[in-house]
Structure formats: C-alpha cells, structure tokens
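Below is one structure, written out as structure tokens, with a few remarks after it.
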C-alpha cells in the first residue's frame, strides 16, 4: 500500500454455485478476483476494502480521542523540553553567559559543535538501545539525567566543564527523536500519523517561541549585574545574587527532571497496556494498527485472469483471519490460508510488521536498514534542508540582537517567527496526510524558505547612521527583514518531519523503522554546519554570508528531494514490470512470504554487487590462513542473510509512497 494511493481488493463474497449476489462489494467467481482499485480516499485505519460498523466507528473515535488528549500532549511536552535543553545555550549567551562565566565567545560555538558531533554519531546507537529496552524506561531515564546536566550549567566556570556537560547531554539525547517517533507510530495509523507528528515535532518551533518568552520573563525579572545593560535602568540591579542565565538553566533543568520522572508512570508500553484506555479500547488500539499494517503486505498484486478456484482460496484466507484472535503470526492476520500448507509453502512465521510493543530488535532489522539506499539518500538532503531550523533554534537570539537594545527583547522577538513556523508545519502536514504525499509538501516548503532567504540576504540587518549606508537602514527596512525571517522560519520545520513520516510509512517493521530513523538522525550534523556558518566572525555583517551559504544548501536540498520523488516513482514502476512477468503463484509467494523468484536485471544492481562480494570472499577463504577463515564466515553470514524471506518494503509487491 502506498502513501499516495492504495491498491485495494474489493470485498469478496463466499463463492456459491447458485449465488447471484450482485450487491456492492461482492465479487462472483466470474469477476477478476485479483483486481485492485486505485483510490485515494480509503480510511487509514482499515484493511483494504473493509469498512467499520457504527459501534467500531464510535470505539475508534473514543480511542483516538484519548490518545490525542492524554498520550500525544505528554510526548509533545517531552520533545518541547528536549528542544529547550538543546537550544538554551543560545539564549544564555545573549545574556552574557560566557562573559559572566569567564569563557570566550568561541567556546559556545565549540560546545555546540561538540554537542552535535556526539549527538549525530550516536543517533543509531541511541535508537537501537531505546528499541531494545523500550521507550517507557529508556527515554525517561535519559531525560532525567540530561535535565540534571542542564541544571549543572549554573556552576560552569571553565570551558572544559561546558564541553563535558554538552557532550553528556548530546549522548543522552541521541536517539530520543527516532525512538519517540517510532513509539508514536505504535498508536496511530499511517495517515493519522502526519498531523500527530506535526503536533510532536512542532514543539521544536514552539520551544523557540516558548524559550524566547521564558527568557524574556527571566531576563526581565533577574537582569544582568556586572555592568550589563538591563531593560529598565530605574530597576535596582541587585534583585538576586545569581545571573539571569543561571536562573534560566535552573528552571529548565529542574522542570525537565520533573517531567522525566512523571514519564515512568505516564507512558504505556503499548496500546494494550495503556492505563487510560478501557479493555475494549485497548484491544481496538492494537487491532486497528494491525489492520493498517496488513495493507502494507496486501498491496501490489497485478491483475490476472479470473479464477474461481483462487477466489475460493481467498475466501478461506478471509475466514481464517476472522477466526483469529490478537496473534502476531501471519496466519492469525489472514496472510496465510489454512489450506496453503498442503501446497508446499513454508509454515507461518511471526510477522515483524505486526509487532506492536515498544521494544524488540533483530539482526535482520539492523541489516535491512543499514543496506537501504533510501535511508542514506534522504539523510544527505535532510542535512541540507535542516541547516536553517537547526541554526535558528540556537542562534536566532544572536541574529536578532542587532534589532533590539536588550537581551530580553532579543529573545522576545524570537517568538513570532516560531509561532509562524508551528502554524505552517501543522497546515503542511495536514495537507500531506490529505493528499497522501510527503515529497510534494517538502518541495513547496523549501520554496518558501528560499523566498525568506532572499529577503534576509538583501535587506539590512541593523540600523546605522554611517554615510556608507546612505541612511537606507531605516526601521521600515528592518521590519521587512524581520518579516522575511518569519517567512523563512515558516518553511524550515517542514522537511525534516515529513522525511521522518516517509520513512515511518514505508518501513513497516518496527525494528527496521527504528534503526532507519536513527540513521536519519545523522541529519543533525546540520547542527555542526550551523555552528560553523553562524560563527561570531560573521556577526559584524549581520550574518549575511551565513545566510547565503545556508540558502545554497536549501537549494541543493530541493533538487535532491525532487530527484528522490522521481527515483521512487521509477522504483514502483520497475516493480510493476517485474511482477507482470511472474506467475500467480510467484506473486502470491512474494506477497505472503517474500519468497518470489529472485531476479537479476538492470534494477537489481545491489544483488550483483553482493554476488561479486561473496565470490571475492570465497576466493579469500580458498586461499586459507586466518583471513580466509574470517572471509568464509562473512560469506556464510551474507548468504544466510540473503536466504531469508524478504520482509516489509523489501518485497517486490510493496509500493512506496511518494
């Protein structure tokens, strides 16, 4: 099943010799029992061709409403403080953090670069550990410790202390986003997911607005003391013995620890153990996700000649699925007919796509994710498209400081652009869910970013009385530049979550999905690039040079996503051509078990490469020696891995969404 459209079978009636049923949704043996309809209006929480009864509709509404009111806001709160703890160093620096702590201004950029180096490198590790031990335990534990590290910034007086704290926070935050997104997908169907992901990921934008307002409140209430300018000169400077940035770190760190401890009791392992659902809702919460995932498997059979015998077998499959209870096997999910064992097919095995718990990881999950070209392609252009959002989440108060007279006002000015970003993100993800397309909204959002960059580059960055500027830097010009920043930020937060949504929707197995999202987390290397692009040496020019290079990165990202869309469309078409050359039994074997005939053609270059790699390893093994033993084991390992059934999107019958 694709994101853009669904290949869905019509509901079949039991074959009968004297049946004359011609009601909607019924197929007689004379009809094409394998015809599929291309439709873009299928509810996302159903099996292909299935409808909900009135009671199920009400149960579904109740279940989703509780998830939206109880689970989703708490996950969003976790991400809000994750984003705050990542970016608060920029707000602190606008209140003279390095000056008060006896550090150099470059120490902040170095700390940011170190943070993202560790944060990026450990993304897959964090995602794998989170998947292994479960969201319910892993994330709250890590969050409590990084909240403590945020609090310890209060006592920083040396560069090495700052570096250690930022590296520790980076290590603990690595994997938070991919494992939490993977966890969220256990509760929502694919086309409920985009809007919920917007609410979740939108907290990165909300954090910018909330952080700006919080910083304004703290810096106004606890102004600087060591001769720094304060908002109100008539206010006595000695309201507290602490600096304003210390109060900021203390508030955010303690709040993070409190929320983390609550998470141990609030988060369920899965829908079936959710404390806020009643027994019927728990069962339905699991069932609707399984129904949604079955569509990923029953998705791409080409039209064949009619066959009453195969129609009868399909009816047996449907009956078997209705007789099943909440098992995770393929037979229990209606993917394996009762009579199929007599035809020489393998016995049913557990279907990893039906795993609805928050933990569990196999070697095949890891290898399948590591060898997917789509993960690395999206990673490169996700990095380029993420530079603006990553840069502004940390450095926007510094970019805006020339437009204001005080640190508090500079932080307050960050709120409107982030409010625009959050609203636009929700609008675009809703649009994406509605049209069932991820790459088109990404391309439109990047066009918006480029429009914003044009304004920020060509408009002045600060007021000036210098003759060289010919008095062109008027307040009106500055207001226009601020508006351009709002437009720019409106588009910057869209590409990353929709990239994540694409990976989540197109990798059905939760284990592979978690690793793929962890690898995609390497996109945070954009933070390293941002710390270099927005170095203090570019501040004198209003960061205009930084904006130019960032705009070029976004332009390349737009070209890359357009290319990805074309490649995925070509892959889907290639799979259709391959299936057209297979027999009915071969297609069915691929659809159910991933055991269709292996093909070696122009589109299977990966298999050719593996063949040659195995030949080379076998040659090394034949040569003998210690290296030969290792080569032989590796060759055997690759052969065993290739001999496994293809799963999820690896199956030729799977259609990728755009």
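Cβ coordinates come from backbone N, Cα and C, glycine included.
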* If you check TrEMBL, which stretch out of 441-459, 460-478, 574-592, 593-611 is marked transmembrane segment? -> 441-459
* From 375-396, 617-638, the residue range that TrEMBL assigns the feature transmembrane segment -> 375-396
* **Which listed span TrEMBL calls region 'Disordered', if the choices are 288-326, 483-521, 522-560** => 288-326
* Asked: Looking at the stretches 137-156, 245-267, 441-459, 546-568, which one shares the most CB pairs under 8 Å with the transmembrane segment (515-534)?
  -> 546-568
* Two-stretch contact, the transmembrane segment (111-130) and the transmembrane segment (408-429), at least three Cβ pairs under 8 Å -> no
* Most Cβ pairs under 8 Å with the transmembrane segment (137-156), selected from 67-84, 375-396, 441-459, 479-503 -> 67-84
* Structure fact -> With the cut-off at Cβ under 8 Å and a gap of six or more residues from its ends, the chain residues touching the transmembrane segment (546-568) are 374, 377-378, 380-382, 384-385, 387-388, 391, 439-440, 442-443, 446-447, 449-450, 453-454, 456-457, 495, 529, 533-535, 538, 656-658
* Under a criterion of three or more Cβ pairs within a distance under 8 Å and sequence separation of at least 6, are the transmembrane segment (67-84) and the transmembrane segment (479-503) in contact? -> no
* Beyond the flanks of the transmembrane segment (162-186) by 6 or more, those residues with Cβ under 8 Å of it -> 72, 75, 78-79, 82, 85-86, 89, 101, 103, 107-108, 110-112, 114-131, 135, 138-139, 142-143, 145-146, 149-150, 152-153, 156, 193, 196-197, 200, 270-271, 289, 356-358, 500, 504, 510, 513-514, 517-518, 520-521
* Asked: Apart from its near flanks, which chain residues at least 6 from the ends of the transmembrane segment (479-503) lie with a Cβ under 8 angstroms of it?
  -> 3, 178, 181, 193-194, 197-198, 200-202, 204-205, 208, 374-375, 378, 382, 385-386, 388-389, 392, 399-400, 403, 413, 416-418, 420-425, 428-429, 432, 438-439, 441-442, 445-449, 451-456, 459-461, 513, 516-517, 520, 523, 557, 561, 657
